[in-house]
């Protein structure tokens, strides 16, 4: 589950915490596992399974108020309330989140939701109407693999269209759409809670569920429907057909309380498609679904230790369009059990309204704040104060009851007052969805101007084994290999105490889809380091930097949740953010989002390739060896043709005769390696080498080999991938993580930890070829090269 606590400026860098919400395990370093268990704070932090959420999360056991020597870092108190108090004062800001919309498409011809579609919804619809045939989704067909990969359903399934289930199917039937979502035989109450929340926000709902579709002829019914979801930084349009899984004529999964209404079932199907299958929705957090339905950013509050102004935050966030969900934690043995007060253990509820009514009915208050919650099951409601049949409603004027839409009905929706809410629920999730939604209900400094929005920075990255998957700071020898991002905060928030608000959200991508191959969420987190001398800092920062510099801030724990979110208050300056997995060599892709109130700049802290290319000569010019040249030239004469050139076959033979038997080079040179080397010098694409080119290539290969040997002292024929950057730099070629990653993916050994001599030479040749090719189209190195299709095919095919 996403961690949204705030935690800032740790001077001593203890062992990074890890939290496994899925299994309820975690430790503050392996050796402290047993001692740490007594400090566990139970919370819902795993998955919702068969209508219930369970799990535990390990919280950081807290750091004392600290000061970083030599810098004007304020005293920071780490709390478990979701806020930071700097020098004893609460944050005094109003914050906004920028909501960016970028639409792609998933459907039509996509591969089970893994790629963008070739056809848009409009193209699919027009094609079906022209052919007179109802749409059948080829990428999410009506077969078992769309339902599950591992756990076969215990009942027979028949796929039916809505018109085969009821006589007059509708997309929508009434305005109270949040009451329409009823959970079926799948543990996705976390999604149902988010869908119910979304249905309370018409504008947001219609962005996800467009109005250009329906079951009538006027609505151009064709058997296809589409929904728009936020997927890791962009909006995608997901197209599905309307064949739904049924048993004995009834929908198996999500359905509407009105049997003629089908938007909940179709939206769930589209979400299942983009995640691989229905079974992949079995277990999750409401915040994950809320973010995918809004593009917002979610924060969590533990209700056992909430901030003093949580109620104001809730009211303000709800007014600004935030989606909210609450959960009751439970052990597996009691999950889905109903309490005497009507609530269900291990379950997620959507919060659909928050009101403060001017009525004194409980606890001697002059006014009472009440919250409307909904059970996605569509039944089993709270039976305490303010429940449907509570006698308290007899004391409330009818006009207030009418304004609250009070009614007595078993629909899963109910009111309860804030005190009972805080007492009975453990977790509150708030997903702020627009510029106004992130306003924090706290006192503002006199004269402070209202903020106009967040400064937003979004980066995609990857952890690749042997190259950029260095693990957490506990792994001192490899931590520096992780991707690094430089963040420059220009100034403090207006009217504050010299600090700037910074929200860092690290999200791992597509792990839910990868369940089909057994992948689970990785424990992820990040460290933030202050850069004292940014103008002279090496790119990227080397191992020694992290050995001698502690992080000034970090995520409280490493969690196996989709996203880890933390809010910080920090002085203006330059920082390096290092996202990582907990253990090294764990592979995955991620999205890093950073929000600041003030102007900030962010970029990858790595080599800028075009700048390095200006001074680069990757092919070295080593000192000549007359004796070696004479010996090799004699061999060349023996195999050269009448034009004193040689073919690739002869070149391969000569390479084997001159390289085999030397340390490291114990295997024969392949034909492909010979071809690649020849292409490096064969600028006229003749398929031949003359003596001069041959001598230069041979000398170059032997020279490259000397650098390989330095990283293979045992002459095993293998070098570590983690040394690849150093090998390239030693030869005068500086490359960044993005290039290293693709070199590793293309040329590494099967263990993804080593590279052999031939692959190293092949990778080096490829780099040289691509750089040479680029120079032909951008000789002044302005940063852009243009090729027509034929040029591109010819050059890339031969090279």
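The backbone N, Cα and C atoms fix where each Cβ goes, glycine too.
Unlike curated records, TrEMBL annotations are generated automatically.
Using a 10 Å radius centred on the Cβ of residue 189 (active site) and all shown protein chains, the other Cβ atoms total 32. Sequence annotations record features per position, and here TrEMBL assigns active site to 189 (among others).
Within 10 Å of the C-beta atom of residue 347 (active site) sit 30 other C-beta atoms, taking all shown protein chains into account. The active site annotation in TrEMBL covers 347 (among others).
The annotation active site is assigned in TrEMBL to 375 (among others). DSSP assigns residue 375 (active site) to coil in the three-state reduction, outside any helix or strand.
Annotation source TrEMBL lists domain 'Calpain catalytic' at 134-434. Computed over the domain 'Calpain catalytic' (134-434), the whole-number mean pLDDT of the model equals 86.
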_Between residue 375 (active site) and residue 189 (active site): CA-CA distance (Å)_ = 9
*Relative to the Cβ position of residue 375 (active site), how many further Cβ atoms are located within 10 Å?*
27
*Using DSSP and three states only, what is residue 189 (active site)?*
helix
*Fill in the CA-CA distance, residue 347 (active site) to residue 375 (active site), as an integer in Å.*
8
